[in-house]
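The next block holds one structure in the form of structure tokens; read it before the comments.
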Amino acid sequence: MNSIYSDIQRSILNNEKLLAVLIDPDKFSVENVTSFFKKVNQSIATHIFIGGSTVEDKVTEVLVSEIKKHTKRPVIIFPGDVSQITDKADALLFLSLISGRNPEYLIGKHIESIPILKNTNLEVLPTGYILIESGKQTAVERVTKTQPIDRSNIQKITDTAKAGEFLGMKLMYLEAGSGALNPITNKIIAKVKDEIQIPLIVGGGIKNIVQLESAYNSGADIVVIGTAFEQCESFFDDLKK
Ligand code: 1GP
């Protein structure tokens with residue numbers, strides 16, 4: 001299945017908003033897949049993102065295989081590391097951490113991943129990943145040893161997104177960090193949306209339907225939610241189809 005990107009584009013043209021459920025293999029046990037995905041399948045969620053900052057080898061692969069048995073939604077790897085790449089999934093966010101200046105996360109890990117990727121059928125989705133300061137240090141900051149962009153520096157955020165688009169990235173991801181105290185502001189989302197033509201992903205710290213709708217109304221095409229579902233599966237009840 002290599003139509004994930006074109007399906008995203010088609011949804012956007014049809015004014016449909018997309019919701020990705022983020023699963024961190026480090027915090028999610030295989031035994032919970034059946035009950036969790038019963039809720040996912042009855043909800044407006046359209047995609048499954050899977051990945052985390054600190055995941056042991058092979059854990060992702062086992063979990064993806066199990067998830068694929070329980071949902072038809074595309075499973076997209078959102079890798080914290082090369083070791084999380086598995087061809088059991090449908091696609092891979094080929095992330096460049098363009099808010100940071102660590103060459104490993106701008107090109108190093110990408111080169112390291114090629115011998116693995118060449119042996120998979122994963123749809124590769126080049127994605128600009130912009131970490132924005134959100135009130136506390138995030139796992140992404142810690143692991144990548146990079147600084148987020150200050151949330152008040154909207155010019156730098158929009159210029160970074162535009163530069164990513166000019167470099168050929170096909171998706172742009174504004175990240176406040178998992179469990180962020182404050183989600184990305186409406187103003188940042190709207191300004192970035194205004195600047196770029198590629199689909200815009202927004203995630204980090206979105207915990208309720210009001211914040212979700214506000215991200216959509218500001219211009220997010222895909223919203224990513226992880227922690228709120230981990231902490232309270234009944235959140236899915238608010239998001240029934
Ligand atoms: C993190 O954007 C995602 O990478 C989702 O964040 O866990 O805060 O929903 P939350």
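Glycine is treated like the rest: Cβ placed from N, Cα and C.
Remember, TrEMBL labels are computer predictions, not curated facts.
For Asp24, Ser53, the entry in TrEMBL reads Mg(2+) binding site. For Ser53 (Mg(2+) binding site), the count of additional Cβ atoms within 10 Å of its Cβ stands at 18 [all protein chains shown].
Residues near Tyr173 (sn-glycerol 1-phosphate binding site) in space but far in sequence (CB under 8 A, at least 6 apart, same chain), listed by position: Leu93, Leu95, Thr127, Gly128, Tyr129, Ile130, Ile201, Val202, Gly203, Val224. According to DSSP, Tyr173 (sn-glycerol 1-phosphate binding site) sits within a strand segment. Annotation comment: TrEMBL describes Tyr173, Leu174, Glu175, Ala176, Gly177, Ser178, Gly179, Gly204, Gly205, Gly226, Thr227 as sn-glycerol 1-phosphate binding site.
Thr227 (sn-glycerol 1-phosphate binding site) carries a helical DSSP state (H, G or I).
Cβ neighbours of Gly177 (sn-glycerol 1-phosphate binding site) (same chain, under 8 Å, six or more residues apart in sequence): Leu131, Ser134, Lys136, Thr138, Ala139, Val140, Glu141, Pro148, Gly204, Gly205. Thr227 (sn-glycerol 1-phosphate binding site) sits 14 Å from Ser53 (Mg(2+) binding site), taking the C-alpha atoms as the reference points. In this structure, Gly205, Thr227 are the binding-site residues from Ser53, Gly205, Thr227 whose C-beta falls under 6 Å of some atom of ligand 1.
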